[in-house]
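Have a look at the structure below before the remarks.
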Amino acid sequence: MTVMEHTKAAQIDLTKHGLTGVTEVLRNPSYEQLFVEETLPGLEGYEKGVVTELGSVAVDTGIFTGRSPKDKYIVKDDTTRDTMWWSDQGKNDNKPITTEVWDELKELVTTQLSGKRLFVIDGYCGANPDTRLSVRIITEVAWQAHFVKNMFIRPTDEELATFEPDFVVMNGAKTTNPNWEKQGLNSENFVAFNLTERVQIIGGTWYGGEMKKGMFAMMNYLLPLQGIASMHCSANVGEEGDVAIFFGLSGTGKTTLSTDPKRELIGDDEHGWDDDGIFNFEGGCYAKTIRLSKEAEPEIYNAIRRDALLENVTVRGDGSIDFDDGSKTENTRVSYPIHHIDNIVKPVSKAGHAQKVIFLTADAFGVLPPVSKLTPEQTKYHFLSGFTAKLAGTERGITEPTPTFSAAFGAAFLTLHPTQYAEVLVKRMEAAGAEAYLVNTGWNGTGKRISIQDTRGIIDAILDGSIDQAETKVIPMFNLEVPLALHDVDPAILDPRDTYTDPLQWESKAKDLAERFINNFDKYTDNAEGKSLVAAGPQLD
């Protein structure tokens with residue numbers, strides 16, 4: 001076996017990972033090497049990379065254009081039995097498997113990767129050396145190696161020389177599981193984790209995000225048990241060193257609002273909060289590109305150049321990209337190293353404690369105020385609720401709101417009971433003297449969405465502290481404290497009741513939404529912490 005490396009780091013032994021007969025190992029190859037490897041003329045199918053006019057390579061991930069939550073499994077053993085938030089305890093994707101089934105799945109992956117020419121990427125998940133995971137990703141596909149080189153934190157040559165993995169990811173995308181029915185699994189595809197062995201294995205799916213989000217789920221297990229908040233949020237820092245974090249589900253404005261020319265980006269998706277402050281888990285960004293334009297999102301557009309990797313976009317014959325084409329998927333993506341963004345914090349990916357915590361929601365019911373200041377109990381309640389809503393059009397042009405509740409604004413990646421994340425977050429906030437705000441970027445009684453100008457004015461008022469000087473009143477039913485006036489924000493929208501010609505209309509919609517909140521929160525009342533928070537939510541007399 002030969003080991004090609006861009007450093008003189010010690011050779012690595014893959015037999016300890018169950019891989020034998022490996023013909024060649026390309027360990028942490030340069031971007032230049034990866035570009036050559038992923039665009040080789042002989043490559044076919046999903047291995048083939050296409051060079052676009054922007055200089056970045058584009059790949060197709062086949063039918064898997066997003067994560068496969070129904071194919072996610074975790075070994076239930078002495079390590080996880082009493083700590084994991086299992087699928088039978090709540091509506092989640094943490095489905096248990098036995099060590100016997102794990103051994104069979106792992107055998108499929110090690111057989112697939114043995115005897116092959118392999119790419120090995122060693123990187124870090126977490127910018128804090130004290131708590132980061134040293135992750136080794138093993139794959140036979142060049143662009144998958146490129147993806148994780150972009151997304152994980154890249155070690156220095158000195159760090160590589162002594163690198164020992166805490167966690168190993170083996171991606172056997174080309175193999176599937178023929179015995180899935182007999183094993184009681186969902187399909188022939190699998191994304192499985194063993195916390196005792198500290199290994200993730202992948203079979204059947206080519207989607208790059210499984211590797212990134214897999215390690216996020218593991219950080220979500222390991223960090224809160226040490227009292228460190230693990231968060232699905234974006235983060236930025238102002239000129240005075242003031243840090244803000246933005247939680248929000250897809251479509252609420254998390255990326256748009258945290259990308260601010262007046263503030264430096266810490267990261268766009270996954271962060272921790274420890275005794276030193278906020279830190280990014282990642283070394284790159286994974287941005288949606290559907291309907292991307294240079295005018296609307298110049299930072300992301302300009303990041304798409306050599307070393308960026310596009311997924312599932314339509315590339316025309318001349319190499320130009322049709323970002324408006326969602327025929328493969330609406331979830332078209334690009335990964336790129338974080339240094340492709342100009343306005344990033346230095347040193348990269350770390351800053352002090354957060355002073356402002358912003359929960360973004362897009363309320364399509366037209367009930368919630370555009371901004372509310374939350375008490376610590378309300379902070380936990382709304383963090384656990386993780387509410388947003390979308391408008392789905394019907395054939396007669398009527399629009400019906402569809403609510404989504406996702407605990408901690410990232411339920412798909414939680415591995416402990418949601419109340420544990422809320423407790424750790426609020427403890428960190430209280431120690432730092434941080435304030436929390438609920439910001440609604442959705443609709444009101446006018447039937448229109450709250451303007452981006454008003455929302456930006458609200459965010460500015462939160463960040464500069466002027467919102468805390470404003471006079472306030474309390475909105476009934478939800479008991480939310482709202483300002484009467486804010487600089488650069490239309491005062492007529494601050495109380496949502498004022499946006500309706502008939503205030504009774506707001507009341508009937510508010511009752512409907514309050515009931516949905518109450519019914520959703522019922523699942524968290526299986527422990528004392530959850531029960532104690534019911535009073536912080538909406539109240540119906």
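Note that Cβ sites are derived from N, Cα and C of the backbone, with glycine treated the same way.
According to Swiss-Prot, the substrate binding site annotation covers R67, Y207, K213, R333. Marked as Mn(2+) binding site by Swiss-Prot: K213, H232, D269. As annotated by Swiss-Prot, ATP binding site applies to K213, H232, 248-256, E297, R333, 449-450, T455.
Everything Swiss-Prot records as a feature, shown here on the structure.
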residue: Y207; record: substrate binding site; Cβ contacts under 8 Å, 6 or more apart: T61, F64, T65, G66, R67, S68
residue: K213; record: substrate binding site; Cβ contacts under 8 Å, 6 or more apart: R67, A412, F413
residue: H232; record: Mn(2+) binding site; Cβ contacts under 8 Å, 6 or more apart: F216, F247, D269, E270, A408, F409, G410, F413
residue: G248; record: ATP binding site; Cβ contacts under 8 Å, 6 or more apart: C233, K254, F359, L360, T361, T388, F409
residue: S250; record: ATP binding site; Cβ contacts under 8 Å, 6 or more apart: K288
residue: T256; record: ATP binding site; Cβ contacts under 8 Å, 6 or more apart: E297, I452
residue: R333; record: substrate binding site; Cβ contacts under 8 Å, 6 or more apart: G208, G209, Y286, A287, K288, T289, L310, E311, N312
residue: I450; record: ATP binding site; Cβ contacts under 8 Å, 6 or more apart: P370, N440, T441, G442, W443, N444, I493
*In three-state DSSP terms, the structure that S250 (ATP binding site) belongs to*: coil
*Environment of R67, Y207, K213, R333, the listed substrate site - residues of the same chain whose CB lies within 8 A of the CB centroid*: G66, G208, G209, E210, K212, Y286, N331
*Other residues with Cβ within 8 Å of the Cβ centroid of K213, H232, D269 at the Mn(2+) site?*
K212, F216, E270, G410, F413
*Specify the count of other C-beta atoms within 10 Å of the C-beta of K254 (ATP binding site).*
22
